[in-house]
Amino acid sequence: MSQSPTRSRRFLGGMPLWQQILIGLALGVLVGLLFKDVAPLLAPLGALFLNAIKMLIVPLVFVSLVAGITCMQDTAKLGRISAKTIAIYLVTTAFAVSIGLLFGALFTPGEGMNMVASATTEAKQAPSLMQILVGLVPANPVAAFAEGNILQIIVFAIALGVSMNLVGEKAAPAVKLFNSLAEVFYKLTDLVMRFAPIGVFALIAGVVSAHGIEVLLPLAGVIGVIYLASIAHLLLVYGGLLGLFARLSPLRFFQSIAPALAVAFSTSSSSGTLPVSIECARKNLGVSEGVAGFVLPVGATINMDGTAIYQGVLALFIAQAFGIDLSAGQYLMIILTATLASIGTAGVPGAGLIMLGLVLTSVGLPLEGVALIAGIDRILDMARTTVNVAGDLMTTTLVGSSENELDRDIYNSSNKE
Ligand code: ASP
């Protein structure tokens, strides 16, 4: 049910939205650097935009997923899509930690810092797998909506959608209602996105003005390595998988998802970016409503490749900074815990820093490493959230293509929003 890209909205002299957003981003960096006092005044504009996209998350995920499931009468297909989604998420995450470790080992950003660890502190416990599984089913769906618990909302939406399919004819009015509501929320997302260039501009100006060169310089090495590893992952792993398994152009992919990447970069929240990701997937990538409505919300909560890269680089960085040699077993442990920790990371700003503590304690690295990074974490969060969102969209594209749920004409069109 994707709309034709030729009907895309054009304003500001016909410039597509993604270009306007990128201009907003660049201007935001400039204002943040040059007019440090002006940037904080823009904060309410940024907050307004953030609130507007957050307002969409719960209702949009719910109605678009129910509507999408009702288009998929074949339950075996639903099972296949779920299995593929989880498999791709896990494999790409393991790749991501490994790339992080590789870059950390190659560039040794922590060498020569000569930090000394004090007694190690207790890290918090991660929830057990059983707790996570039991918690997936919402005892009270209204509470799940109120708390914005995306995984519980997904489970409820799938159960409702499948039940509607099973009821058949008598559920027709309900199916119609959800389809109509989904269209309404897509339109609302569309309207909110018109403000994205201004929102992104204000958010970025605030972040850049708050993080002056003096804060960033001492840790410039590790920032550089994380950004480099993130770019390598985007181009090699995502570009490679799309070309190899779906015969799709990586260039078109990145052009299609530019609005989502810019919003992820400036908000540092993959959950917050969800409405924009869904819009990019449907309108620019040509993925069907059912696949986008399922794969993206799941990804925004469990798939965090950027966070995994960050944990890989930082584990090595901290080991180097404190002069600790890691064994092969510890490397394996980092891959395992960083993969699991990234699944457990919430798609909100700063969540990855908390999970870093978990990875460090699992291999006996000093927790002071977390404090070392805290001051620059926002800058790192921007990179990891961008990769997190790109990973969700890449998986959506791969799954869509393998299930014949991707419109190649829309994907290949150069006319993106
Ligand atoms: N901010 C990241 C995200 O929303 C999560 C993290 O902190 O690693 O994807």
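Residue positions begin at 1 at the first shown residue.
Just so you know, glycine gets a Cβ as well, placed from its N, Cα and C.
Quick look at what TrEMBL lists:
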{"type": "TRANSMEM", "residues": "12-35", "note": "transmembrane segment"}
{"type": "TRANSMEM", "residues": "41-66", "note": "transmembrane segment"}
{"type": "TRANSMEM", "residues": "86-107", "note": "transmembrane segment"}
{"type": "TRANSMEM", "residues": "150-168", "note": "transmembrane segment"}
{"type": "TRANSMEM", "residues": "195-213", "note": "transmembrane segment"}
{"type": "TRANSMEM", "residues": "219-245", "note": "transmembrane segment"}
{"type": "TRANSMEM", "residues": "354-376", "note": "transmembrane segment"}
**Study point:** Range from 12-35, 41-66, 219-245 with the greatest count of C-beta pairs under 8 A to the transmembrane segment (150-168)
**Key:** 41-66
Point to revise | Annotated stretches the transmembrane segment (86-107) and the transmembrane segment (354-376) touching (3 or more Cβ pairs under 8 Å) | key: no
**Study point:** Positions whose Cβ lies under 8 angstroms from the transmembrane segment (219-245), at least six residues beyond its ends
**Key:** 92, 95-96, 99-100, 102-104, 107, 109-110, 253-254, 305-306, 309-310, 312-314, 317, 372-373, 375-376, 379-380, 383-384, 386-387, 390-391, 394, 397-398, 401-402
Review point. What residues in the same chain, six or more past the boundaries of the transmembrane segment (12-35), come closer than 8 Å to it by Cβ-Cβ distance?
Key: 42, 193-194, 196-209, 255, 258-259, 262-263, 265-266, 415-417
